[in-house]
Every structure is written in C-alpha cells, then in structure tokens.
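As given in TrEMBL:
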- 14-30: compositional bias 'Low complexity' (COMPBIAS)
- 528-651: domain 'STAS' (DOMAIN)
- 13-38: region 'Disordered' (REGION)
- 125-145: transmembrane segment (TRANSMEM)
- 177-201: transmembrane segment (TRANSMEM)
- 213-240: transmembrane segment (TRANSMEM)
- 260-276: transmembrane segment (TRANSMEM)
- 288-310: transmembrane segment (TRANSMEM)
- 330-355: transmembrane segment (TRANSMEM)
- 415-436: transmembrane segment (TRANSMEM)
- 442-460: transmembrane segment (TRANSMEM)
- 472-500: transmembrane segment (TRANSMEM)
- 535-555: transmembrane segment (TRANSMEM)
Amino acid sequence: MVVNNKVDSLSYDVEAPPAQAPTTPAVVSAPPTPRGEAPAMTTTAAVELHKVSVPERRSTAKALRQRLAEVFFPDDPLHQFKNQSSARRLVLALQYFFPIFHWGSDYSLRLLRSDVGISYAKLANLPPIIGLYSSFVPPLIYSLLGSSRDLAVGPVSIASLVMGSMLRQAVSPDQEPILYLQLAFTSTFFAGVFQASLGFLRLGFIVDFLSKATLTGFMGGAAIIVSLQQLKGLLGIVHFTSQMGFVQVMHSVFKHHDEWAWQTILMGVAFLAVLLTTRHISARNPKLFWVSAAAPLTSVIISTIISFVSKAHGISVIGDLPKGLNPPSANMLTFSGSYVGLALNTGIMTGILSLTEGIAVGRTFASINNYQVDGNKEMMAIGVMNMAGSCASCYVTTGSFSRSAVNYSAGCKTAVSNIVMASAVLVTLLFLMPLFHYTPNVILSAIIITAVIGLIDVRGAARLWKVDKLDFLACMAAFLGVLLVSVQMGLAIAVGISLFKILLQVTRPNMVVKGVVPGTASYRSMAQYREAMRVPSFLVVGVESAIYFANSMYLGERIMRFLREEDERAAKCNQCPVRCIILDMSAVAAIDTSGLDALAELKKVLEKRNIELVLANPVGSVTERLYNSVVGKTFGSDRVFFSVAEAVAAAPHKTQP
C-alpha cells in the first residue's frame, strides 16, 4: 500500500568518500581523508513513503497447520494426488511406496544391458559369511523400496567399525560368539526401527546435525583406526588387543612382534601395493574404473591359488564357509536381559551413521544425473531393509559410495543393478563357497585398508582451514577424538561440536553496521562494501539472524556497543552524535516474545538518551507478531518503515540535535 505522505526536497548530510585526484591542472582537489571521516555533502531527494503491510490474518489452526506442513512436509509429497481419479491415486500410491512400479513400467532391454555391470564383516568382528549374507537380502529389498536409481547397498566400513567397537567392549566375539551374533542382529533391528521411524515421522532433519566438517574428521580418524586394526591380519598376529585406541593398538603390535609371520607380511604388502596402485590408476583415469573394481576379486582369486599351492604354510586362511542361502535369525533377536541397552545404543549409533552416508551418497549421484531423491523415503527404505535383514542373518547395511561409484561408472541406470549384484551373491552362496576355504585372511585386511584409505580427506580438511576455521576445529576435534580416545567418543565429539556451532550462531548472531552505497538507495555492510558511507546522526544496524530468547540480550548489548563506538568516532571527528538508530530487519526470519520484549526495553533505554529507535523492512511473520503485541503499539506505524532509505528520509526532522 502507498501512503500519500511524500517527503519533498528532503536534505540530509552523508559522509562522502575520499576525494578523487584532479584530472586537469585547472581543478584543485581537496586533500584526501580516511574512509568514514570525509567532509559532508548535501543530497536532495523526493522520497515516497510506503506502508509496511501486515500479512492476511489466519486462524490459529490454519497457522499451525501451515507451520507443521513446512516443518514436516517441505516437499509437499501429496501434490501428485491432487485432482486425480481413485484408480490413478492407487497407482500413484504404489509408485510412491514402491518406486520399482514407477521405473519398472519403462524398463527395457537396453537398461538391462546397462545394469549388468565379504571383507567388511571383519570390521564388525563377525564371521565373513555374514558379510555375504548382508550383500544378498538387503539389495533385493532396497530395489523395491528405494528411490535412488544409482545407490548400491551393502555393508560399509564406518557402520561396521562402530558396531564392532561398541559390542566388543562388552562381549568378546571369540569367547561368546553366539551372544555376540545375537547382539549384532538385535542392534541391526534397532537401527532399522530407528531409521524407518525417522522417515515415517518426517524427522530426517535430525541426521543433519552431523555436519560435513565433523564427518570429515570422524571418518578420517575412523579410517586410520580401521587400517591399524588390520595390522593383526597383515602381520599375522594371533593375540591382538580388543581396544580401538591408536596408542593401545600400536602397543599391542610391538608387544607381540614375536608373532609376526614373514610369509603373511610378504603376501600382504605385495597385494596391498597392487590394490593401491590400481586405485591410483582408476583415480587418474576414470575410464579405467574397472581396474580398481576388479582388483579385489582378482586379488582374492590369486591369493587363494597361491595359498592352496603352498598349503598355507605360515598363512592364516578363512577355512570352511557354509553353503546355502541366509539362515533365518529372527529367533536370535533379544529384547530382554542386561545387554539390551548396549544393543539399543549400538543400533542408534550405527543407524545414524549409515543413514548419513547412504542419503549423502544417494543425493550425490542424483544431482549428477539430474533427479531428486526423497530423503524420508530413503530412510524408510533403509530402515525396512535393515529390519528385514536382521531376521535373515544380516547386519547393518546402507548405500555404499564405492559400490555406487562402480555402478555409475559401469553405466547402471536403475535399481535393477542391486538385483544383479544380489544374484551374483546368490550364485556364490549356493555353489562357490568351498572355493574360499584357502583364501588368506591377510588379503581381506589388504582389501579393507585399500577401501578405507579413501576416507582420509586431507584436501577437504585443508579447504575447511581456508574457508572456516571453526569448521576445521570441529573436524580436528572429531579426528583426534576417534584416534586417541574411542570411536564412540569421536562420534559424540562430532555431534557435540555440531550442536555447539548451531548454538553459537543462534546465541551470537552476526550484526553489522550499514552505510549507503553511493549512487543508490541501498544500505550495505560497511565491512563488506568499503565505498559505503555513513549518514550523520544515524546508526544503521543489520541483524542477520532470527531474534529469540537465546540472543535477545546479546542484541541489546551489541547495539549499545555499536552506539558507543559510533559516538566516540563522531566526537573524534567533531561530528554530530547519533540521534536515530535504524534496525534493518530484512534478514530477521522470525522473532519470539523475548525478542519483542528486548526491542521494547532497548527503545526505553535509548529514549532516555534522546535517541530514536526505528525498524526497517521486517518480514511478514515478524510484522504480524509485532502488530499483534503491545510492543507494536509502543513503536507505532510511524516507526516501522518499508526500507532503510525511507526510514532515513522520514526521520531527520525528529533527530535534530
């Protein structure tokens, strides 16, 4: 709305930028002055004032419904059902809950040609066969429920490591293998319930509390711990520590140096060098992705042949592995006893980590191929997959970046690639298990080291240092927590630092002093725009955050500090003191009652010093709350302006000294 109160021929002083050097000898320029202390000039303008409109009134129920919809349904998942027939809605519902019905109708032989493109169980201290079981059932379930076309699911290193380290602290997998398996399957079930619940209740934003910086540090530290744990197999050590700390592992390695086996070391170092070389080749030339993809299986085959020919002298082998499909394990789930708490905690920890990794991988490849992945549907798919897997002798699985990268490089186009992978595992389980009898354990250690070494992102940490020092601090704290204390403590530190950073940004929002950019009516941060000029007698402050109870006191304190500094500067330059403070609220997305009270209190304090406080450009929700409160009446419509420029134009007649 436009109010017919035009301010004509309004004059106010602004501080000019430093004078420019003369362009001809006939013009004599004024001596240069520092920024912010330039001589004054007079500007004449005709400014038309606009009324700050209040949003349309809504009932409490309608406002609450809209707010909940924004929080839990930001993607409006039901929009596709609007104006559709009952039959069409049924088809859309099937496609929504079972994405295979969406892309299955368009599946072709060409896509099938594109889609045809065991060692992580050791990290969880589980028998190798459990790793194969976990690569069979979960991919089949995900192919029905998952919304990502590129995600390849299976066991992953970080979730395996966390499960192994948490369970092993209470139960020894060597002394009590049955109990350990029960806890592993129960933890997987709890992880699935937790994941599916987050998706069903639309609470996926909880996973976002693990920032990229803390995950970089956590995964780097975990990768080193994983690699150090593989020294047991790489050196042939029999008696090895069950602890995960860097110091304890290295102490155990050198304490049992008499158990080192030169045959194992020779084979391990040789195959590790080959695997790392193939990884480097594929990284340098993506067209040769198949080199690193085929290297682990090739290494297993060659090492098995060598072990068989040499009769495994001095080299530990896997031994007999049972043939057949996944045996049912629902009877092994335990929901009572002294270890239920441990299984629940382990399930939540591994559930969060596997969700974070799986969704991040899915979104990465979705952005590459220009389609969207529904995060909440992915959580439900991964959760149901793990719940079903826990009843079929599987442990926690999720989307694997390495498997997904191989699928993408091989040209896979749909989730059928997971069915193809599961089919290959099925053939292995039914017919090929005896061939792995002589597979050396050392080759599994070498494969694990090669897989996790890519999680150490040195360049990523360097970028954090360059861009955000606080993010780098969070990264290093998580890294050192995992490396020197424990994986659980490292994860706790990572989450704690993420929460601390959020609290810091909420309680100490960024606030800036603004000036007018020459030639415009735009007010910008004087720290960012060096050409911006102050307007004498005015202090323009921008608040770049919502105003809540947590930062309302800081808001007042920071504005009073700005006022003191500005008055000191004005006195030093023999200029007028501040007579009006304009609070630019264009970046204030929300305000609560504590924030409104803080503004009212600040207004009273400033009035005692004969200083006016006005507000400029409040957003709709802030304006609505302002005018619905007593504070709004305190300010009145003549102290709430459409823009900073209009506030400056309208206020000078009130601010003369």
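Every residue gets a Cβ built from N, Cα and C, even glycine.
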Distant-in-sequence neighbours of the transmembrane segment (442-460), which means Cβ under 8 A and at least six residues beyond its ends: 118-120, 122-123, 128, 157-158, 216, 219-220, 222-224, 226-227, 230-234, 236, 264, 267-268, 271-272, 275-276, 279, 295-296, 299-300, 303-304, 315-316, 318, 402
Whether the transmembrane segment (330-355) meets the transmembrane segment (177-201): three or more C-beta pairs under 8 angstroms: yes
Contact between the transmembrane segment (125-145) and the transmembrane segment (472-500) (3 or more Cβ pairs under 8 Å, separation 6+): no
Contacting positions for the transmembrane segment (213-240) when only residues 6+ beyond its ends and CB under 8 Å are counted: 122-123, 157-158, 161-162, 246, 249-250, 252-253, 256, 259-261, 263-265, 268-269, 272, 314-316, 356, 441-442, 444-446, 448-449, 452-457, 460-461, 464, 468, 471-472, 474-483, 487, 490-491, 493-495, 497-498
